[in-house]
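**Student:** Please find one structure pasted underneath; my questions will follow.
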Amino acid sequence: MLPLLAALLAAACPLPPARGGAVDAPGLLGAPLNASVNASSSDEPAAPRLLASAAPGAPERPEEEAAAPCNISVQRQMLSSLLVRWGRPRGFQCDLLLFSTNAHGRAFFAAAFHRVGPPLLIEHLGLAAGGAQQDLRLCVGCGWVRGRRPGRLRPTGATAGAPTALPAYPAAEPPGPLWLQGEPLHFCCLDFSLEELQGEPGWRLNRKPIESTLVACFMTLVIVVWSVAALIWPVPIIAGFLPNGMEQRRTTASAAAAAPAAVPAGTTAAAAAAAAAAAAAAAVTSGTATK
């Protein structure tokens, strides 16, 4: 009885096929694995899968700025120093190269300055021996990025609440050479000769340091003082060797002062009488005072 009932039930209610069951009845087995991805792709834009495509490219500078005219001026300050100026529109951080070009492929003098700004004073400039003509080339390269730190860029599209079902970003590749990590610089070069700079307003061929000037002034003062002293000190010595005229005048003056005053010849008797009267009066006065 039971086998017959089972056969009747099997004939009346056939079982669903083994293949394609998930397609015919999606509610029984649940959504497929890629359902969330497909749904997000239909409603929202696809999430970035590569770091390069997600990161926004750096805005490229127009060609006018890259091909800007060289606004570089060189001024000679002293015999072995140069003052270099260039325009600020070329960038914030600049690298400067200076080297000689008339040595048949070998630089007689070369100097490099990293991250400098105008104006720049270059001292201890190497000069060619024998006063030969020296041609130099000055190159300035500037960038527009200040203090960029090396590291992996973060995509702007990724947020803190991003779903975990998104594919992970690939690991950052090891950094390449140093000259490939930074921003490309556009160098602007200027060729000049040292002999051409002698007519500049700041050129001082015979300019000396302050120490030499002070020493020269001191030695000049010493020479003047010694010259005046050499003219003055022999005067009293020479006067000591010529005492005849001065002593004769001194002797005559002392004799005239010591001699008594001369009395005229006609007044001798009167003067004697006056002197006797004065002596008598003095004697009387002294006697009266004694009593």
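Glycine is no exception: its Cβ is also placed from the backbone N, Cα and C atoms.
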**Student:** Quick check on the record annotations: which of ASN38, ASN71 is tagged N-linked glycosylation site by Swiss-Prot?
**Tutor:** ASN71
**Student:** Using DSSP, would you call ASN71 (N-linked glycosylation site) helix, strand or coil?
**Tutor:** coil
